[in-house]
């Protein structure tokens, strides 16, 4: 009887620990200079073009030129 009670309590303890780890890992954030996305947020600053930065700067691409 004691073995059964101990194994059940250990099993429940493992379930509780796994739930706590899931909450901690899903609520983590990333420092500036690391990859980010909508589901992986930055700790401070913003997610600009997939990278955590303090400020977002506009990026200008190459303009198309007409050739005659």
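From the backbone N, Cα and C atoms, a Cβ is placed for every residue, glycine too.
Feature annotations, courtesy of Swiss-Prot:
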DISULFID  29-43  disulfide bond
DISULFID  36-48  disulfide bond
DISULFID  42-52  disulfide bond
DISULFID  47-56  disulfide bond
MOD_RES   60  phenylalanine amide
SIGNAL    1-26  signal peptide
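Overlay of Swiss-Prot annotations on the structure.
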{"residue": "29", "record": "disulfide bond", "Cβ within 10 Å": "12"}
{"residue": "36", "record": "disulfide bond", "Cβ within 10 Å": "22"}
{"residue": "42", "record": "disulfide bond", "Cβ within 10 Å": "21"}
{"residue": "43", "record": "disulfide bond", "Cβ within 10 Å": "12"}
{"residue": "47", "record": "disulfide bond", "Cβ within 10 Å": "17"}
{"residue": "48", "record": "disulfide bond", "Cβ within 10 Å": "16"}
{"residue": "52", "record": "disulfide bond", "Cβ within 10 Å": "21"}
{"residue": "56", "record": "disulfide bond", "Cβ within 10 Å": "12"}
Closest of 36, 42, 47, 52, 56 to residue 29 (disulfide bond), Cα positions, disulfide-bonded residues only: 42
Residue 43 (disulfide bond) and residue 36 (disulfide bond), Cα-Cα, nearest whole angstrom: 10
Integer Cα-Cα distance in angstrom, residue 42 (disulfide bond) to residue 56 (disulfide bond): 13
